[in-house]
Amino acid sequence: MVQKRILLGVTGGIAAYKSAELVRLLRKAGHEVRVVMTGGAEAFVTPLTFQALSGEPVRTSLLDPEAEAGMGHIELAKWAELVLVAPASADFLARFAQGMADDLLTTVCSATEAPIVLAPAMNQAMWRNARTQRNVALLVDDPQVSLWGPDQGEQACGDTGPGRMLEPQALLAKLQAPVDGVLAGLRLVITAGPTREPIDPVRYISNHSSGKMGYALAAAARAAGAEVTLVSGPVALVAPDGVAVVPVVTAADMLAGASEAVDAGCDIFIATAAVADYRPDQCADQKIKKSESAMSLALVRNPDTLATIARRENAPFTVGFAAETTDVARYARDKMQRKNLNMIVANDVSRPGLGFNSDDNAVTVFWAGGEQPFEAQGKAELAAKLVALIADRYCDRASAG
Ligand SMILES: Cc1cc2nc3c(=O)[nH]c(=O)nc-3n(C[C@H](O)[C@H](O)[C@H](O)COP(=O)(O)O)c2cc1C
């Protein structure tokens, strides 16, 4: 693990007491730590505690003539190789998301070129609040910023839900994740594209899926260090470098191909394929001739690849996709529970220019106790963010045992 110069920002939340332990763990792991506290934080823990644990003076004020004699805030911003704000209060997230620089911590965050990691901590209603979520969406969209947590569970105020700061040990574990990619050493199986369900030798039932999202995820996962197998329906796309492709046609092939790939070893299974729910009961041996003015096809249910993999005894961490046209969040959460998924990525395919067959997508990701919206953006850019979030949730589950 690479030792870093870490600037720890502590804001005014009850979890500030845990940051004292975090400083101790970071120092023990060999990192250099300097602490900046907001005015709110000082009401919870004294600077003396952090000074003793970090072995460095603690800065609390921006407009401090002595500390700023040498432009201390810029020196701090340049010194930091990583800025970690833990806990990050709702108030800090709001100010930072808006680009404000009205105290030392937000000013240093604005001035630094180092990556900035935020570990939010707040009451569950504050976290769920639509304004907080809008601020979070802005921050997640910022390539300099990563969000770690929040966790869910019992809270200091007696509520239960999302908003707890990740434990200091979990934050340290994330910092120590391999430097060569968040998915290094992990095996991913990703399904992509449509399926084709034959009616006769020349006709089939299919859908508008282009496979672009699945292929973009495969490329992003590969770039993040994973070993990737892409089980792909018929698409007009070139496989990303370094990704193994298993071509399939029908839903039955998709299940067989995905099952075999998962059997070969799979830590994370991501199902983006638009698998046909039904297939013609019979596939005619010869081309069906035009005769009657109308004809009907009897359809039967196809096997459900996603649910089959997710319900296995030792199922991989499973991420589904839900393309909906109405009531997206409700259907997505319902699908996640019904199919026993760890996460679901929901997109509203009724929005013009987004989703199916397009280069852009806007989605909301749901998991037990959390959700994360992603604004409309290119599928490659979105894929990188989804991979980071999936890796995050995967690590959290793994560290929770
Ligand atoms: C007892 C108490 C506990 C609080 N806990 C939190 C908290 O966990 N998270 C949070 O976002 N705000 C919490 N607040 C509110 C913040 O302290 C308040 O929004 C403050 O302005 C944050 O300032 P800062 O972001 O500059 O640190 C708490 C307030 C009190 C009085």
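Note that Cβ sites are derived from N, Cα and C of the backbone, with glycine treated the same way.
Around Cys157 (active site, proton donor), the C-beta neighbours below 8 angstroms that are at least 6 residues distant in the chain are Asn123. A coil conformation is recorded for Cys157 (active site, proton donor) in the three-state DSSP classification, outside any helix or strand. As annotated by TrEMBL, active site, proton donor applies to Cys157.
The CTP binding site annotation in TrEMBL covers Asp277, Lys287, Phe321, Lys335, Lys339. Cβ neighbour count for Lys339 (CTP binding site): 19 (other Cβ atoms within 10 Å of its Cβ, all protein chains included). In the three-state DSSP classification, Lys339 (CTP binding site) falls within coil.
For 4-176, the entry in TrEMBL reads domain 'Flavoprotein'.
The region 'Phosphopantothenate--cysteine ligase' annotation in TrEMBL covers 188-401.
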Asp277 (CTP binding site) falls, by DSSP collapsed to helix, strand or coil, into coil
